[in-house]
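Per TrEMBL, these features apply:
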- 9-450: domain 'Major facilitator superfamily (MFS) profile' (DOMAIN)
- 57-81: transmembrane segment (TRANSMEM)
- 147-166: transmembrane segment (TRANSMEM)
- 178-199: transmembrane segment (TRANSMEM)
- 265-285: transmembrane segment (TRANSMEM)
- 305-323: transmembrane segment (TRANSMEM)
- 330-351: transmembrane segment (TRANSMEM)
- 357-384: transmembrane segment (TRANSMEM)
- 396-419: transmembrane segment (TRANSMEM)
- 425-446: transmembrane segment (TRANSMEM)
Amino acid sequence: LTFPLLSVTLLVSFGSSMLYGYNLAVVNSPAEHIKAFYNATWSRRFGHGLAPGPLTLLYALTVSIFALGGLGGSLLVGVLVERYGRNGALSRSALLVLLAGGCMGFSRELGSPEMVIIGRSITGLHSGGCFLGCAQPLPHGSNLRGFLGLMPSIFICLGVFSAQVLGLPELLGKDRFWPLFLSMVVVPASLQLLLLHCFPESPRYLLIERNDVCGATKALHRFLGTSDVQDVIEEMKEEQRSLSSMEMVSVWQLLRERSVRWQTLSVVVLNAGVQLSGIDAIWFYTNNIFENAGIPVSQIPYTTMGAGAIEVIAGLIGCFTIERVGRRPLIITGFCAMGVCLAGITISLLLQAALPWMRYVSVACVVGIITGFCMGPAGVPFLMTAELFMQSHRPAAYIVGGSLNWLCNFTIGLIFPFLQMSAGAFCYLVFCGVCLLVALYVYLVIPETKNKTFMEISHIFA
């Protein structure tokens, strides 16, 4: 790959991944302000405030509706890309985020909690569509496959970190600023719009989907920075001929096909395991977790920001080591580290009354969970979904993995506050068990996919 093409690949995913990460963490800092707004609005409308249970449910819906929108986006992306192209679908999706930012930004002025929930669902729709819409696996054998596969996870970490920084009391962490804080999603969306207009449509889409050889040639001239693109055109034409004779597998056919049953099960385990590991509970409710651990309220925003900085560093380590150490070691080590730290949070919360210094163990365990996640589980499952299947099965595998990912994300965001209230410190043991079981499954079942073709991987599974 030449530098221009590499730059385009990274820039196109930058805006959408930043926005996804920002939305994961943006509801953490202003949680109490949003709940107070919901309670005051309910009181004005009906003459009485909300009880703690319904208020928690309404806020949990606000948090988790993002994932439900993501599920819708992941299911619609195929139709949108086919009709408008990659650039067109991403541009229209980014315009929707501008609408979502307006809804959330004016929600308090108009006294409408519904606008916050609608805005969150629209940003989820954008994120769900962008992840699959930008999915363009590199050829097997490329030494940049793993690196580029994990780069979106770095941008997600940067989005989370930016939300943690802006949520500081000195910036947008005050009560009067929370609508502005939520509406800052328009910044990465606007950045994505600007970047997309700087580049032409995907050459692969133009030639293979639209049969536009002239348009694909012009696009390649810009992407590759050279006038000699005939070899690349011939390669894509060969791929077009190959795809025209290939029958694409549906989701139902994928689930029933015996020859890829273990690969399909692996996609299910990895994508469900990523969300059921509890990482979204950590991101959505970091401040609440630190508060329960006994960290002084005045120190919580800075502790959260420090954890965010460490997760960016951990993501970079995973990104630059994946082609050296492979996929399996990163994902097994990541899940094991998360499992141990989740057990550590339970122990520290149980002992903090007798041992006050245990609160710092809780902070260390939260940092360990995020570090373990960003080093492997954050990006490797999505990368392995592409590597475990041939082209005819890959779209269906993406739909299965993406749908499970978003459904589990929605479930955790909705039930975690109630799980925490009912099980207390022991709620983290549920996530600990999931992490350790996924690590064991990867160790026993999934082979190393680095620099292997689909046929080699399929032979190992067989």
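Including glycine, each Cβ sits where the backbone N, Cα and C put it.
Just so you know, TrEMBL annotations are computer predictions that nobody has curated.
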Tertiary contacts of the transmembrane segment (305-323), as residues 6+ beyond its ends and Cβ separation under 8 Å: 25, 143-147, 149-151, 153-154, 156-158, 160-161, 164-165, 168, 286, 330, 334, 363, 366-367, 370-376, 378-380, 450
Per Cβ pairs under 8 Å, the stretch of 57-81, 147-166, 178-199, 330-351, 396-419 packing most closely against the transmembrane segment (425-446): 330-351
Averaged pLDDT score, the domain 'Major facilitator superfamily (MFS) profile' (9-450): 82
Feature contact check the transmembrane segment (178-199) with the transmembrane segment (396-419), CB under 8 Å, 3 or more pairs: no
